[in-house]
Amino acid sequence: MTGPQQGKILLRLENVSREFITGEQTVRVLNNINLTLHSGEMVAIVGTSGSGKSTLMNILGCLDKPSAGEYWVAGRIPQYLGSDALAELRREHFGFIFQRYHLLNDLSARENVEIPAIYAGIDREERRKRAVNLLSRIGLAERLDYRPSQLSGGQQQRVSIARALMNGGDVILADEPTGALDTHSGNEVLNILKDLHQQGHTVVIVTHDMSIAEHAQRIIELKDGEIIADRPRDHAQEKPKMVDIPSVIDIPSMDEKISTGAQQETEIARKPLLTRWKVQYDRLHEAFKMAILAMAAQRLRTALTMLGIIIGIASVVSVVALGKGSQQQVLANINAMGTSTLEIFPGKDFGDMRSAAIHTLRDTDADVLAQQGYIHSVTPTVSTSVTLRYGNKSVSGTVNGVGEQYFLVRGYTIAQGMAFTRTSVNDLMQEAVIDENTRDKLFPNGETPLGKVILLGSLPCRVIGVAAKKQSGFGSDENLNVWIPYTTAMKRMLGQSYLKSITVRVNDDIDLANAEQGVIKLLSQRHGTQDFFVMNTDSIRQTIQATTSTMTLLVSMIAVISLIVGGIGVMNIMLVSVTERTKEIGVRMAVGARASDIMQQFLIEAVLVCLLGGSLGVALSLGIGLLFSLFSSNFSMVYSAASIITAFVCSSLIGVIFGFFPAKRAAEMDPIRALERE
């Protein structure tokens, strides 16, 4: 059946049926519908509840597809189109007016009206100007920034009408537009719809009220899914007096727009790159805005969701910083022993019971080693514990007999005075270099120790220098040390001709392992056997570095588990969010959002939650590091840009990975089911 032709055929249904499966039953809601709508008509589809009128409207608006038969929109068949093409049809050619308005509560009236234009890629300033123009012309100029909760029912429905017109609204589909309004507001809405019809819009009103249907020029009655009447209205209603809406949008015919619709993606692709990036940026900006609004609406839930991410990121960053700090501390301790050094001891290894009886390490060995080209410096070493005295002060300390190159080998700095020389060693001079701890104990009142004579046991020695304090993890920093020429210690104190150890510093350009083999070979030849062992500081360094890295990795893996738990929490909350915002998803799809737009919005929300959690986690870790430094002066957590950047990358990945399933679920929603969700 057809009504009076007012323009070209716009919408046509042939033998259209729609069935739904409920349990094991198949329910036919529409049965062999044949209907043609022309451009510029004002049609009312009227019927009781369950007659199929809303299902018919959903098919007309490309929200649903027929189970059988065919539906044409200006020559195109929607049921054969993909979801993006259907979204484009809804976005560019249809405007929906719902009984319950379906406005987004977190957006203002203007922002609600702008939504279809966002998905159409319209410039921000242009769509804002258009939204203001539309709202002003329907009497809401003073309420542009009002939220839906601040508007009356009639005002909310006007906002819904403005939203339907945002992209042109060639076909206005109004589902019970006055059902939730009082009589006065309902008449205002009907007058607006009639005025839009006079401007050339095709208006389809779905209602159960025949008095509402009487305002249309053509009435189609449905009963039990079939058209039982299709009659024109021969007498025209009075021209509406409530509002006058000049053509607020330059509307080409739908036939013209549809004919070029297939070329739209190509045209977009041909736009300048800057323009395409601007459109994409605009969509991302709006998605970020909606994500922030959604997070702000559920502050406590958002905070609890982020808690797992905060703890996980803080744990990972802190563990890495602790590992880095401990590694640097250990390396500093090893460097305190001297860089690129070899320590030569009698015996086979530490703890060798026979080492005390081996007296083959001699000062001549040190002299021969010093002549090797790959060796930078050498110092023999002997030591003993004695009582140190000056005046009436006496303390226990260690006397170290060393060579003149000892301070160079060990990397010590002379803070006061000077170190002894080769002449001091050769002449068995009774000269001493003390450390700062010894100076503070024997000369507590700031008296200069230089030139003073102290007793090392029973041996008097003149202080010629003070060595600066040096941190070392191998022995207490509070030890009292005195250094004298090793010849003086051996002859005047110990009465021995053998050494406790020899320390060798290798040239920086020489591989320490090769130098170690050279030393072993040389001394073995001199001794006739290998009755000594060599401690390579680089080997210790590498072992400690490997151990530290392994422990850091192990603890990091434990921290990563908390990140995964946090990610699962994000996914859980995002699923809840998708369920709570089902109607919003339906509205966005109805006004033209593609599946990718919906997915993008929820992915951005998940990533934003994780990034914010990651930022707070990094801040928490830095705070822990600050507190740590306040209570520990000898050790600090070392943060690196790489670890912080990695933390943010991990946060983003968690958002993408654990937000993907909820976002996909949202994108795959049926718009009809979403709109019907209470």
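Each Cβ is built from the backbone N, Cα and C atoms, and glycine gets one as well.
Features reported for this protein in Swiss-Prot:
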DOMAIN    11-249  domain 'ABC transporter'
BINDING   Gly47, Thr48, Ser49, Gly50, Ser51, Gly52, Lys53, Ser54  ATP binding site
TRANSMEM  303-323  transmembrane segment
TRANSMEM  558-578  transmembrane segment
TRANSMEM  608-628  transmembrane segment
TRANSMEM  641-661  transmembrane segment
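Around Thr48 (ATP binding site), the same-chain residues six or more apart in sequence whose CB sits under 8 Å from its CB are His208, Lys223, listed in sequence order. In sequence order, His208, Leu222, Lys223 are the same-chain residues whose CB sits within 8 A of the CB centroid of Gly47, Thr48, Ser49, Gly50, Ser51, Gly52, Lys53, Ser54, the residues recorded for ATP being left out. The least crowded of the binding-site residues Ser49, Ser51, Ser54, judged by other CB atoms within 10 A of its own CB, is Ser49.
DSSP assigns Lys53 (ATP binding site) to a helical segment in the three-state reduction. Predicted-model confidence for the domain 'ABC transporter' (11-249) is 86, expressed as mean pLDDT. Sequence-distant neighbours of Gly50 (ATP binding site): residues of the same chain at least 6 apart with a C-beta under 8 Å from its C-beta are Asp224. Annotation for Gly47 (ATP binding site): same-chain Cβ neighbours under 8 Å, separated by at least 6 residues, are Lys53, His208, Glu221, Leu222, Lys223. All protein chains considered, the CB of Lys53 (ATP binding site) has 26 other CB atoms within 10 Å.
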